[in-house]
Amino acid sequence: MTEKLSSQQQIALVSLLKTCAKQSDLQNGHSVHANIMREGLLLTNIFMGSAVIHMYIECGDLARGQQVFDELPLRNVISWNALITGYSHFGYSNQVLYCLKGMKEDGLFPNAVTFLCVLKACGSLQAAGLGICMHAEIMRQGLLGSEIALGNALVDMYAKCGVLVKAQEVFDGLPRQNVITWNTLIGGYAQHGHGDEALAKFIQMQKDGLLPDGVSFLGVLKACGTIGSVKDGIYIHADIVRRALLEKNQLLGNALVDMYAKCGAISMAEEVFEKLPARNVVSWNALLTGYCQCGYPVKTLIHFKQMQKNGLSPNATTFACILQACGDSGDVIKGKAVHEEILKQRLLEKDSVLCTALVDMYIRFGDLCKAQNVFDEFCVNDVVSWTALISGYCQHGHGEEALKCFQEMKRKGFCPDGVTFPCILKACTKLGAAEKGEEVYTEIVSEGFCGKSKDLPSIWSALVDMYAKCGALSKAQEVFNKLPVQDVVSWTALIAGYARSGKHDIVLKLFNEMQKDGVEPNSITFSIVLNSCSYLGLVNEASDCFKVMQTKYHIIPTFEHYTCMVYLLGHAGHFDKAMKIIEGMPSSDYLHLWFALLAACKKWGNVKLARLAFDHVVHIDKDFVEAYSFMCNIYTKAGMQREAMRVRRMRLKIKDRKKV
């Protein structure tokens with residue numbers, strides 16, 4: 001060992017290490033480390049060891065940094081923090097928590113730097129329990145008042161863990177908040193689907209005199225997309241343009257495309273996309289996902305081709321979207337080609353979401369055998385992939401297979417979630433297996449979903465629907481009465497059950513109760529209620545219902561609503577009103593609409609209108625035999641034997657052609 005280096009020389013070595021770290025100069029850093037080792041400085045200078053660890057970690061050599069740390073004869077909070085900060089920077093959250101444990105075993109107390117890294121790890125791992133313990137320790141050390149970064153980290157940790165009440169509580173208790181604090185809270189609300197709250201915070205932040213930055217806008221755009229508020233999105237877009245942020249921030253351009261797409265304003269998403277100064281795979285993914293979500297699968301596939309022509313390589317997110325588009329459009333050839341490309345890139349080995357999307361695509365094609373093969377060969381078994389398979393069997397009427405998958409899933413140790421249970425209840429419904437449904441209900445209760453029912457209304461609605469469709473109306477009513485939140489889905493499921501059992505008077509009673517409770521009916525609810533009015537011959541009530549649907553609830557009538565009204569008015573003999581309904585339709589090319597009118601004409605012997613209805617039916621489907629039978633009957637009753645014979649001959653020709 002040479003003569004001991006002076007303190008100035010040792011400081012110079014630390015400075016050199018910092019320079020190497022800053023420049024990611026691993027080669028020179030390694031030389032400095034070798035010099036330090038020759039001088040034996042790691043044995044005597046604890047700060048030198050921390051500087052070496054920091055250098056290696058900043059240069060990306062975590063293994064060497066850990067090795068140096070392990071060889072240190074003495075460790076203090078600074079050396080532990082050098083290691084912890086490195087793991088935190090590279091996203092190794094579990095290692096951060098492991099280091100915290102080791103630090104405490106060394107009898108050392110974490111400081112503000114340690115807490116910042118540990119809170120980040122808790123947020124990443126959604127380890128709210130440990131985060132709460134860290135919060136208590138921070139309070140005990142009195143650090144929150146002096147360290148605004150710690151306050152921000154606490155808000156961020158609680159927000160990422162979904163404990164938004166606690167995040168708000170910490171936020172409100174901070175002596176001061178900066179833009180980062182506000183951004184963290186806004187982002188937390190947006191991330192967990194509380195878009196209205198995120199928007200309110202964004203407005204409040206500006207009222208408090210703080211100007212939003214790029215991160216603020218990213219959070220609030222996500223919020224607009226979550227709640228589908230295109231109006232607020234347009235206002236925020238204008239603000240971003242005013243501040244000239246789009247030219248400097250590509251993330252904002254991508255977020256705008258995503259927001260407009262999620263709001264269903266696909267033309268505005270296209271407009272923003274076309275004006276982007278640069279487009280990366282994220283920009284394309286935002287547009288492609290938007291097309292998919294808005295029901296334009298063919299457009300999705302066309303733009304995917306354009307993306308590839310522009311020289312951009314699709315990633316797993318792109319492929320997941322394209323698989324959905326292939327499934328939606330029924331493009332089997334394209335779907336199989338995309339599957340081949342995914343296999344070529346070996347993406348299935350590392351992406352369970354992509355594997356689930358592939359299973360879902362084959363399910364949509366009706367190729368359950370291929371879906372099962374993909375699942376067995378590639379899918380990392382998790383609840384999502386199991387649920388996709390169960391759902392597929394359900395959709396195609398294979399209830400028994402769905403139940404087998406459900407049992408196998410549990411046998412392998414996977415717990416059903418709020419998506420799995422509605423699927424399996426649907427399978428029980430299709431099989432009419434109320435007893436099996438009862439077992440599933442017991443399992444739902446034992447798994448503790450009763451306490452979570454506010455967050456999982458789909459389970460309870462599926463239960464009501466299952467009992468109602470299996471004819472167990474008293475049980476359906478019992479489950480419905482226990483619901484902490486009775487939403488439109490559960491109300492509609494119950495109403496449909498009574499309608500199916502022919503108890504149409506109760507349907508109307510429940511419909512009125514539903515509205516009194518402040519629950520807005522949807523399109524399906526109105527279809528059921530209009531049908532019940534039709535069965536009961538309640539013309540005035542149906543007319544009022546049809547009007548309220550459009551004026552009060554702003555629901556655009558479907559052909560089912562129109563058909564029901566035409567059937568009811570026609571059977572009541574109100575042909576002028578029935579024709580007025582038809583004339584007010586955007587398009588009247590619906591076979592069952594005109595057949596409903598034809599059936600009413602048969603009842604009343606209205607030959608003139610029957611001819612009109614018949615002509616429309618055969619124009620839409622010339623082989624619809626029932627229409628010929630009805631028209632023949634109408635002519636016969638009217639004493640028009642020649643016309644009746646002509647229609648009868650037409651009907652016989654169709655029957656003969658079908659035999660051939």
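Please read every residue number as a count from 1 along the shown chain.
Backbone N, Cα and C atoms are what each Cβ position is placed from, and that goes for glycine too.
Per TrEMBL, the features are as follows:
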REPEAT    76-110  repeat 'PPR'
REPEAT    178-212  repeat 'PPR'
REPEAT    280-314  repeat 'PPR'
REPEAT    382-416  repeat 'PPR'
REPEAT    487-521  repeat 'PPR'
Problem set entry | Integer average pLDDT (0 to 100) for the repeat 'PPR' (76-110) | 92
Exercise. Near the repeat 'PPR' (487-521), which same-chain residues lie under 8 Å Cβ to Cβ, leaving out any that are not at least 6 residues past its ends?
Worked result: 457-458, 460-462, 464-465, 467-469, 471, 473, 476-477, 480, 528-529, 531-533, 535-536, 538, 541, 549, 553
Exercise. Using DSSP, how many residues in the repeat 'PPR' (487-521) fall into helix, strand and coil?
Worked result: 26 helix, 0 strand, 9 coil
Problem set entry | DSSP helix/strand/coil residue counts for the repeat 'PPR' (280-314) | 26 helix, 0 strand, 9 coil
